[in-house]
Amino acid sequence: METLIEFFSFKYPNIKYVVFGTILLSISSAVVGCFTFIKKKSLVGDVISHAVLPGICISFMVSGSKDPFLLIIGAFISGWISILVMDAIIRNTKIKEDAATGLSLSVFFGIGILLMTYIQHSGNAAQSGLDTFLFGKAAALVGKDLMAFSIIAVIVLLTVFFFYKEFKLISFDQQFAKVIGLPIRRLEMVLTSITVLAVVTGIQAVGVVLMAAMLITPAAAARFWTDRLSRMILMASIFGAFSGISGAFISYSAPSMPTGPWMVMVLSIIALISFFFAPRKGIVIRQWRRFSIQRQLLEENLLKAFYRIGENSGEHFNRVAVDDIQLIRNFSPAQLAKGLRKLRVNGYVQRANGSWYLTNEGFEKGKRITRLHRLWELYLTKYLRIAPDHVHEDADTIEHVITPELEARLVKLLEYPTEDPHLSEIPK
Amino acid sequence: MIQQVENPALEIHDLTVSYDKKPVLWGIDLSIPRGALCGIIGPNGAGKSTLIKAIMNLVDMNSGYVKLFDQTLDEVRKKVSYVPQRESVDWDFPASVLDVVLMGRYANLGLFKNPRRADKDAALKALEMVGMEKYSKRQISQLSGGQQQRVFLARALTQNADIYFLDEPFSGVDAATEKAIFQILKNLSKDGKTIIVVHHDLQSVEPYFEWVILLNLRLVASGPTKQVFTPALLEETYGGKLTLLTEVGELVKKGEFEAREKQ
């Protein structure tokens, strides 16, 4: 707790730099990442992040300094060239997009490593620390880096703000955008430029390898929670910012912990949580829905069995033994016990001396399911010309699906029938 | 039978288009009268969609030019509306129905401006015309094929264009949607708008269209439906007499010739 207060009081300017720096760069990469994600160009971020390395090295070799602005210019240029090379390969050769992506990524990264090794062995004293680009150095952000980050983050965010509607249209329907006269090529150039910028700043914190995660993970997680692009961008930036703060805090409270990888870890946890628990799209909720449908089917099938027994004996509220139910339909003993328990809890059946009987509500419900079953059988034979001995299984499913509105339409369409194809009565 | 008209809405002159060096349209030369409801008919792979894409400047032409109302596309862009094939976009995109329909208004808005209330009104009115007003907030991935097509048509309607190009608007839609869409197109045409539709169902050509373009890699016919939609011309369009043209196309591709020599 004390650490937490100490951390957020920003007593040391260094913490302030690290926190603001990581937040800014996480937000800008999350926002840009939303567009690469919906454009299905997720690997582009990976290409750019690997391809900036030669630019950084050349920039250092030419200028001899580690000034962040100079390095960023070099990184920006080589990041851009890698995209141009990739596009040129796709357009002019038979090589497809995936291979072109891999080619561009590895060739540029190879050149980068080559140059970096050369610099490291050149005896230039100023080179120490240049290799932090490989793995990031978020905890060592200094005032001048923060300046560079802030400027770039503002450029990136303002660009998305002003071109939001155009970026959205070219991501959704490029042909239509072109026909209504949007300057597609220029817009794509702007979008690629801010992607490169976001990547260039991001790799200073998390390094080349983890950069793709910073771009794509917030967008992928946010997509689980919303179906609107604007909200998706907002949520992705919140996820990004949160990961930035957490990463900085974790490495502050446990100094041996690196900031960048922890940011990615936090993002991955957010993504996992979204994957499992997001409303509507999360795995848990979908599993739960499947489970409750199973339960509904079991209960309704049981009530239907009760109704059939009553029909056969002519008395619907008599006591029914478990074996009688098994004769109508083969439930597994475990399921039978579970279903009967649920039905009793919900007030559809009662229990007395080891046998069971329907309550009034249970009778009505069993009757309705039986009615729907027979109505559907009749519909299938009459309108779909399916043989009467082939309709039972289909009706077993559909009886659980039909709504009261559909039921009314079905009854009217079949002209208020009284008998199903097997001459059983359709109960009213 | 290629009938040229005076003062056309659409004029195509000597148009040749290739994909990946292989010519797919050869020397198309036609004109369409203003206010016509016109169908482009031909077998699969005849280049129907390509023709529309060439008119919309979405594919490069090897030769020829296209004029709309006697002007280039760039000069009349605001009067032109295009409905791409439904399958050409990803319907999982995070957007609502209204979002997509509003995209039709982006051209008039210009850069940096967000849709105004009037644009929303126009979008809702277009949705009402296609019978989708109840779905404006629906996520587009939840729509059926017919509903997606209606949304695309609504987006085009918000543009208030003078000429509409629709690429297979009736493919994969239910009968009710087909009827509704056709009625809208008919009304537009009554208002003097020119409608050009890529169509593949021969059964409905006669009731739907007053002008027909028969296409199979080259223009077979263009003219009023009664004169063009004849067994002889259909046989020429759909019959297998074009193997020669296809083979030459393959040769051009293999040799990496340009379809037209550069002057």
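Heads up, the Cβ atoms here are built off N, Cα and C, so glycines get one too.
Residues or ranges marked as domain 'Iron dependent repressor metal binding and dimerisation' in TrEMBL: A:359-428. The annotation transmembrane segment is assigned in TrEMBL to A:17-38, A:43-63, A:69-90, A:102-119, A:146-164, A:205-225, A:232-254, A:260-279.
The DSSP breakdown of the domain 'Iron dependent repressor metal binding and dimerisation' (A:359-428) into helical (H, G, I), extended (E, B) and coil residues amounts to 44 helix, 2 strand, 24 coil.
Here the transmembrane segment (A:17-38) has Cβ contacts under 8 Å with residues 10, 44-45, 138-139, 141-143, 145-146, 149-150, 152-153, 156-157, 160, 167, 171-172, 191, 194-195, 197-199, 201-202, 204-205, 211, 214-220, 222-223, 229, 232-233, 236-237, 239-241, 243-245, 247-248, 252, 259, 263 of the same chain, all six or more residues outside its ends. Packing against the transmembrane segment (A:146-164) from elsewhere in the chain are residues 17, 20-21, 24-25, 27-28, 31-32, 35, 68-69, 72, 187, 190-191, 194, 197-198, 200-201, 204, 230, 233: each is 6 or more residues past its ends and has a CB under 8 Å from a CB in it.
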